[in-house]
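Feature annotations, reproduced from TrEMBL:
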- Asp425: active site, 4-aspartylphosphate intermediate (ACT_SITE)
- Asp425, Lys426, Thr427, Glu542, Phe590, Lys613, Arg647, Thr727, Gly728, Asp729, Arg838, Lys844, Asn867, Asp868: ATP binding site (BINDING)
- Asp425, Thr427, Asp864, Asp868: Mg(2+) binding site (BINDING)
- 47-111: domain 'P-type ATPase N-terminal' (DOMAIN)
- 1-24: region 'Disordered' (REGION)
Amino acid sequence: MSGGSGWERIRSTRGGRLSRETSLTGRTARTVRLGRVQPQAPGYRTIYCNDREANLPVRFKGNSISTTKYNFLTFLPKGLFEQFRRVANCYFLFISILSMTPISPVNPVTNVVPLSLVLFVSLIKEAFEDWKRLQNDMVINNNPVDVLHDQVWETIPWKKLQVGDIVRIKQDGFFPADLLFLASTNADGVCYIETSNLDGETNLKIRKAVERTWDYLIPEKAVEFKGEVQCEQPNNSLYTFTGNLIIENQTLPLSPNQLLLRGCSLRNTEYIVAAVIFTGHETKVMMNSMNVPSKRSTLERKLDKLILTLFGTLFGMCLVGAIGSGIFISSDYYYLELQRGVGLEFNPSSRFSVVVLTLFTLLTLYSTIIPISLYVSIEMIKFIQCAQFINKDLHMYHVETDTPALARTSNLNEELGQVEYIFSDKTGTLTRNLMEFFKCSIGGEVYGTGFTEIERGGAQRIGAKLQEDNVQSLQAQRSPHAVHEKGFNFDDSRIMRGAWRNESNPDVCKEFFRCLAICHTVLTEGDESPDKITYQAASPDEAALVTAAKNFGFFFYRRTPTMIYVRESHAEKMGTITDVPYEILNVLEFNSTRKRQSVVCRYADGRLVLYCKGADTVIYERLAAESDELKKITREHLEQFGSAGLRTLCLAYKDLHPETYESWNEKFIQAKSSLRDREKKLDEVAELIEKDLILIGATAIEDKLQEGVPTCIETLARAGIKIWVLTGDKMETAINIAYACNLINNDMKQFIISSETDAIREVEEKGDQVEIARFMKEEVKGELKRCLEEAQHSLCTVSGPKLTLVIDGKCLMYALDPSLRVMLLNLSLNCSSVVCCRVSPLQKAQVTSLVKKGARKITLSIGDGANDVSMIQAAHIGVGISGLEGMQAVMASDFAIAQFRFLTDLLLVHGRLSYLRICKDVSTALSKKYPELYKEGIRNMFFKWRVVWTWAFFSVYQSLIFYHFVTISGTSGKNLSGRMFGLWDVSTMAFTCVVITVNLRLLLMCNSITRWHYISVGGSILAWFVFILIYSLLRENVYFVIYVLMGTFYFYLTIILVPIVALLGDFIYQGVERWFFPYDYQIVQEMHRNDPEDNSRAGLLEIGNRLTPQEERSYAIAQLPRELSKHTGFAFDSPGYESFFAAQLGVHAPQKAWDVARRASMRGKPKPSKKH
């Protein structure tokens, strides 16, 4: 081929490439490391497109990926290592080894078999989970993709793709690697992509190829493409990319606009042609992923410390016993015959050997102080809690999608009861990603009826009666012909169905509707009819605005590269329908800097109009100096919409003179064709024409939250849980959602740290990456310091406002630097809520880890997309939502639910029960009615060292009672024949007392007692008697012992009195604690002690049959809380309850023990009779 010699020349002149790399940066390579996320360093890789041989010496990584935790060789050693991270397993292994030695007094089977069984089951579970990951990897790696080979498209699996290959991606296909966009079947070299796997957004984004490569679309042309790409080294920054494309001695700059990231999908484009830049684990999405973590609950880690403490106690006991044996053993005890060839453990002449061997013997003998059966029981309880309680809870069952809750692991059950920080994705987690046109302001008049979630919440705070009145008036005013479709939830008879012509400002209404129908970049799909057409938009907001125009009678139904066609109803005369073409001359696109979008169009009659929509701040700056009254009124409407949590845009227009337009258009064409600073020049040219605008009005769009999100967040906040929102959305969107969720309100002091400042933009325009990194780090440091000082000052004031922090991804990258992260953490922990926007998946994980490790708090991450996987894996607990973005989040999660609102039940009900472990303290309804009870778990009230030492104290007390009984029985106890009780008589009677005492102690500590408690406790005691009755007939040393004992009165007196005396201390302690120092749940129990028992068993019902709508409604009504009993008021009057109710109001009020004790005097009083 003619281009071959030139390509070989370029490949052979290595020095030329090096000189070009140096000229590209102007300095030597230098890496700036800031945390794990690195700003672009001037180190570049060179890629030869369409030439595998040229790329071979570099040894780029392949495109195969692996997300498994183990492989064939590492499974057994790594799996065993994971199991022996538990101190308990190490302890049991040590005891099992000792039990197999000659010095062991016990059979090794009793230790080896249970440990082996526990390890085997755990390894099987690990293997099963990793096998599912492997299957998922195999499916992904074997996905087909078309690669150019000898002028034809050849289909190969993803895993065989190499850097530099030319690929073809068809519509709805996923990108197999990070690609350089070359050509598209769409006009102007554009394509539309969906990035939900990266940032959770389901709206479409536009990418545009470099104009020089547009022709390489068919195989015959694509095979001629011999380009050299010099670009950045692989990194995890999703929103940046720098490089050059060198083709035929022409150097073309590359930007993120030409990069197609792995995991994204192609939409509204027949196919594209692209070159592979990064593959496999070097792609940006894979560099944002994390290794599969091994999670252990905080309680389990604390249990390790407890086991070490118990082992230390055990070792001390055994050491004392061993030393005593070494001291007292002597050949003087002739009857022991220690002189005749005894082993070292009994040899008086080697006392050190006696001490050592006796120590190991006693360790084996006393090893049951840490019973392995306890661990087996705990694992069974955890499994039952997952399988029977969580997975079958109808309160967490989503009827619309037929999705129950799913506990994917049983290791973290108790962790659910101690969560203090929740990190949540936004799109698809808090919201439905469904934008609906809700209200608008046209010419100073507000149109639209209805209430948002925030308005309903405000009405509830004022009073339920006010809200009911408003809702009734709304229903009375609502038109019977109201239209409600996807993207449009608006009703106002004044402007619907052509009624706007009767308004005082019909011409303004017409301009408003035309602006909605023309000023956009929406594409159409399907039939050109209002009922069947589908809009594909760059954002859900744009789709909602075009849908609104359609319902107002201005139906956009077709687009060509230069024309837009709108079917206008009632535009000129009531009842007329006309198809009107508009020529699109220029599109001034929206970006985060401009915050507006403009379109220049020509009417059929030659009229030139510029329509503009954007944020109120930028539109108001560009309005003509007139109509001040309209500006003021519209400003008030915007504030009204904003306080209701609505997303607002201002609409404006401007008539253009032909000569003015032609002069401006020449500058626009020059800027558009510029190779350097194109975006900057386009923005400068846009400023020339986007001025002296005439205000039309404003739109208000509601970002629909998932059902029950504000209520859930409010309940979790009362439980002491703080919620952070981590989203890939832009800052304005994230703040709006935070308002809608009640995470932020106008009474809060907001700290906003943004990279969208004039100073930062000025430095970025110079293009020096090292200087940009240095300047931004200093800026972020200054902002963090200022905000932290203000926060500390505000917290020192008595009535200071609550604080909230909003920070974007660029600033967060520098704030996570080791020198600044402590300052960021201190500021964040002082804020009631934190919103991080435009963050990458890895940054989500970094923020989660910052709180998890820096603040040492229990964290929970919840999301629904692949971009949330790293965050889910980084937290103590990961919750996946079964949403519209695939199952990646669910596959990586520990628990899966269908809706965010189900967190209330998952944490406040199942979390508390799993943490308490033994039994339910209050009902499910009361757990949600008093979310403050959850704070006991956050403060770890039930597993503190004080609790451990209290139990240890009473265990010592009980052991002394048993020891005293044994000594008395051994000296004074007699059977029916008058003989003294022997060793086996006393030990059998003592163990019977132990069994009875332990089971009654379990019953004593239960917060609620059901028939199952009686069955389990009584069954355990009965099982012991059945066992010993049979065992006494089989073993010679205990033959008939129990039958002899049961024939004596002494036996029955002992098994009654000894447990009573042993449990007397526990009974007194619990009584004093409940009367004078009650837990919050005990106060709630007292308040509702006369309530009828809840036998609904809602949380235990199996989801076997789908409920009909009527059955579902009846069931829901049956679950509503009812006030069936009226209390005397004592529970609310007693100052002993002040602390609990004060906590609900955020006020500290210490308990007064003498007032709590007052209820003891009330117990004897007769209860008032209930009226049925």
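Glycine is no exception: its Cβ is also placed from the backbone N, Cα and C atoms.
Bear in mind that TrEMBL entries carry predicted annotations, made automatically and left uncurated.
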Mean per-residue pLDDT computed across the domain 'P-type ATPase N-terminal' (47-111): 88
Gly728 (ATP binding site): tally of other CB atoms within 10 A of its CB: 29
Alpha-carbon spacing, Arg838 (ATP binding site) to the residue listed as 'active site, 4-aspartylphosphate intermediate', which is rounded to whole Å: 11
For Asp864 (Mg(2+) binding site), the number of other Cβ atoms found within 10 Å of its own Cβ: 31
Rounded to the nearest Å - Cα separation of Arg647 (ATP binding site) and Asp864 (Mg(2+) binding site): 23
Most Cβ neighbours inside 10 Å, all chains, among the recorded positions Asp425, Asp868: Asp868
Closest of Asp425, Thr427, Phe590, Gly728 to Asp868 (Mg(2+) binding site), Cα positions, recorded positions only: Asp425
Cβ packing number for Phe590 (ATP binding site), 10 Å threshold: 19
Inter-residue Cα distance where the pair is Asn867 (ATP binding site) and Asp425 (active site, 4-aspartylphosphate intermediate), in Å: 9
For the domain 'P-type ATPase N-terminal' (47-111), residues assigned helix / strand / coil by DSSP: 32 helix, 2 strand, 31 coil
Cβ-Cβ neighbours of Arg647 (ATP binding site) (radius 10 Å): 23
Among Thr427, Phe590, Gly728, which are recorded as binding-site residues, the nearest neighbour of Asp864 (Mg(2+) binding site) by Cα: Thr427
